[in-house]
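Colleague: Marked as region 'Disordered' by TrEMBL: 45-99, 705-753. Annotated compositional bias 'Basic and acidic residues' per TrEMBL: 46-72, 724-736, in sequence order. TrEMBL lists 117-136, 200-220 with the feature transmembrane segment. The domain 'AAA+ ATPase' feature in TrEMBL is assigned to 289-428. Per TrEMBL, the feature compositional bias 'Acidic residues' maps to 707-720.
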Amino acid sequence: MFVSQGMSCLCCQVMASTTAGQVVSGRSLLTDLLGACRSLSSRPPKGFEKYFPDSQKTPKDSEAEAAPKESRPANSQKASGRSSGGGGGGKRGGRKEDSHWYSRLQKGDVPWDDKEFRMYFLCGLAFWISVSYYFFFRDGGREVTWKDFVNNYLAKGVQYVWFNIGSVDTFERNLETAQYELGIEGENRLPVVYSTESDGTFLLSMLPTVLIIGFLLFMLRRGPAGAGRPGRGMGGLFSVSETTAKILKDEIDVKFKDVAGCEEAKLEIMEFVNFLKNPKQYQDLGAKIPKGAILTGPPGTGKTLLAKATAGEANVPFITVNGSEFLEMFVGVGPARVRDLFVMARKNAPCILFIDEIDAVGRKRGRGNFGGQSEQENTLNQLLVEMDGFNTATNVVVLAGTNRPDILDPALMRPGRFDRQIYIGPPDIKGRASIFKVHLRPLKLRTDMDKDSLAKKMAALTPGFSGADIANVCNEAALIAARHLSDAINQKHFEQAIERVIGGLEKKTQVLQPEEKKTVAYHEAGHAVAGWFLEHADPLLKVSIIPRGKGLGYAQYLPKEQYLYTKEQLLDRMCMTLGGRVSEEIFFGRITTGAQDDLRKVTQSAYAQIVQFGMNAKVGQVSFDLPRQGEMVLEKPYSEATARLIDTEVRTLISEAYQRTQQLLNNKKAEVEKVAQRLLEKEVLDKNDMVELLGKRPFAEKSTYEEFVEGTGGEEEDTTLPEGLKDWNQERKDKEETQEEQVARQISGGMPF
């Protein structure tokens, strides 16, 4: 007992000295502890980073961002209005105020004057003092052997001893044996009475669990996600069912003047904004405001750009969300996020809601309920109900974008949900010229170059290009000019950029054996000569044997704007594509693997003519869908007999085209030889070189912008607005009735004067 008391005194002395040291440096120690806790809670647990979007910022970044906020006037938050509270830039809810004690702690300032902080601090201090008192001042006892227990306690008579035993049976056997050895008779033996008491050691085992739970709750409430969402739950995992949509206002720099090549779609979108700003203009005529529109079309044609322009110019709230953001690994999150999204939209009505890549959540139902498929269907069902159900909002217009409308659920596409389907296809030559004008604005061109003329010329050289391709061409031209340290961008840079986008990276350093280089030259010469003497083949612009991308040669053609093709035109195109393989066979008596891509294109064209376009007499006037690349086909939509007939006719058509190409190149063998030798000499031939070698092409062809747009109603794209959309984003005031109009209305209504 003396040893235990001495240890207690020693502990008291040590704790007293520690407390005295803490009084001297209490503030610095507390600051260090708070800094350590803050660094531990600044990063979320691994695997949960996406629930804490602001967690990537380090404490230094937070301090750097806090500096300009301190100098901001006090009324700046009020002036921003919805931007800080309603999610102007992306988050719903604003940051905590700088005066809050947690924000002051993040900056390294200990807020002793804050009442809430003092309460938390005193509670925490009391807890740690209690724990310390329990550990440092409790009598832990000491361990003795059974022999010492018998000699020092049991043999001396009456003793009061408190101890812990492991096994009751073992203790009773040992006690009975000891009393027998001491000669204690049965009636004098010690009675054993058991009572269960706790000395608080169970708290020690629970303490780590309590600390971990408390730390997690603190991190979820005060962490990066929870700090920015006041009034919206605890944040983090507790806010997983809340929508991730963003309200955009005064943050998008894209305007409608930056969108070109899709004027009809632009008018449709402008009209939707006008619906919300001036509903009376339509309601007076008995019209109902459309619920929504879906933007479809190939990738890169401007669907999302059009939505950005709407957000940049519409004077109504614009809410945007991605279709994939509805689905998570938790069951029920998708429908909950859809509900929360439309609650946000109704609060901000009238507004525009844009769902990008809606095919992620709007796929057709009925393909089996396995795992995530069932969750996706539940999310789609909730979306259908919100768009056109019993609780439908009237002043919320829903826009959506997708490039796969064929896989969307029919219930989603029906009128009443998406009343309009706006197709945005690749721009025509006038649209490409308008797009080039937009992207040429910020570029520094040579002073002798006119941007309008350059835009028209580039539009003629880029048939089939989408808006994204044109933007890439303009950017590549600027990069090429910078690579060569040019003061300005010239036309040659644009031509190189077009070749870079079409053919890929030029590989001048790729080593080709002389025999391989000769084979490539005759292969490309076969393409060029076959196309030169076939009426319906595309005019040749340039041919090269410098490797580009995956190919060892490169040919650039200038096709005209054409939407309908005859059987003869498609056959000429097949023959031109087979010209390389035929040339190899004629001049070398062998074939190589270089024609693999040509054969793939010819095969696709032949199958399309027979299966889709009904251009074969034996198969007949039927049309079947061809599977998309990468799609799994379980069964064909036609019988085995029809499949065998189709395969036979495809081989017959390709053989006919091959024999026709052989006959043409055998007749023009000398011309192929000339072109191949010049290619081996110069590596690159343009149209002028071809005219010099082969003479003028025997068929009429178009090559300039003016020739392409001749007979189309003008050289420029029509951008005029209808009268009802002149002030599409402005509210119109009701026009006051004149005295004559009032008299006329009263007479027509039978009202007395």
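Heads up, the Cβ atoms here are built off N, Cα and C, so glycines get one too.
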Colleague: Just to be sure I understand, if DSSP states are collapsed into helix, strand and coil, how many residues of the domain 'AAA+ ATPase' (289-428) fall in each?
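Modeller: Result for the domain 'AAA+ ATPase' (289-428), in helix, strand, coil order: 56 helix, 29 strand, 55 coil.
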Colleague: Give residue numbers and ranges for long-range contacts of the compositional bias 'Acidic residues' (707-720): same chain, 6 or more residues beyond its ends, CB-CB under 8 A.
Modeller: 260-261, 263, 429-431, 433-434, 456, 460, 560-561
Colleague: Please list the DSSP helix, strand and coil residue counts for the compositional bias 'Acidic residues' (707-720).
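Modeller: So the counts come to 2 helix, 0 strand, 12 coil.
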Colleague: I'm checking region-level scores; what's the whole-number mean pLDDT for the domain 'AAA+ ATPase' (289-428)?
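Modeller: Here the predicted model's pLDDT, averaged over the domain 'AAA+ ATPase' (289-428), is 85.
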